[in-house]
Amino acid sequence: MLSVAARSGPFAPVLSATSRGVAGALRPLVQATVPATPEQPVLDLKRPFLSRESLSGQAVRRPLVASVGLNVPASVCYSHTDVKVPDFSEYRRPEVLDSTKSSRESSEARKGFSYLVTAVTTVGVAYAAKNAVTQFVSSMSASADVLALAKIEIKLSDIPEGKNMAFKWRGKPLFVRHRTQKEIEQEAAVELSQLRDPQHDLDRVKRPEWVILIGVCTHLGCVPIANAGDFGGYYCPCHGSHYDASGRIRLGPAPLNLEVPTYEFTSDDMVIVG
């Protein structure tokens, strides 16, 4: 057999590894060889991979320097000299710029400044919050015209003794009664055990001769009639409730006494209700 390597032009690199056998009288000078199949490495599964012996072979044994060039192989640099260490001196206070000195020497001054800034900020925030709350509460308060109607001044000399005068206050009838000495003694002598809503006469008046009441029946809100009823005080025509001259319920379905508003005597002849 005769072995001839085929070579032809640009395909020579591709065809150089091929051979063709031709029958002949001469023996081939070079026998065609078949590349041997590489053997697969056998791994020892019982041997730990992350051991001192396995890792020591991969560790760097000498310093490497990065090189760049056409004929220079690439390498890894494990040591850098161009790294800039960050400097925070601009953000530090002058008292602690020197790293060789202890910061305890200037700690009191630095703490005092921090406390001062915190205190000033707290006062400013509290003042702003106070103004905001004040404005919010003021917006919810009644206007000047409403406040003017919230109080009423009554001249007492216009009400004769033994008479009752009605006024309009906050949309409700207001009774002002000038009692006689007989009425005062009569109401003061009433036993509390006889009353449905026990209350002494002196607890309902500031001056014995003057009784100030809200003229609304405590049963269903009707307006009682003054100087009427079985007890000479007030009488509700709706359901027959009887009140005495002190405004206390004595007979009928009303459960409570007539309400006594807040009032104040500014002089002997003037009273302000509200």
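Residue positions begin at 1 at the first shown residue.
Glycine is no exception: its Cβ is also placed from the backbone N, Cα and C atoms.
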With the ranges 104-140, 141-177 to choose from, which does Swiss-Prot describe as transmembrane segment? 104-140
From the list Cys217, Cys222, Swiss-Prot names as the disulphide partner of Cys238 the residue Cys222
Cα distance, Cys222 (disulfide bond) to Cys236 ([2Fe-2S] cluster binding site), nearest Å? 7
Please compute the mean pLDDT of the model over the topological domain 'Mitochondrial matrix' (79-103). 78
Give the sequence-ordered list of residues that share a chain with Ser241 ([2Fe-2S] cluster binding site), lie 6 or more positions from it, and have CB atoms under 8 Å from its CB. Cys217, Thr218, His219, Pro224, Tyr235, Ile249, Leu251, Gly252, Pro253, Ala254
Where Cys238 (disulfide bond) sits in the secondary structure, as DSSP reduces it to three classes: coil
Whose Cβ, among the recorded positions Cys217, Cys222, Cys236, Cys238, has more other Cβ atoms within 10 Å than any of the rest? Cys236
Fewest neighbouring Cβ atoms within 10 Å: which of the binding-site residues His219, His239? His239
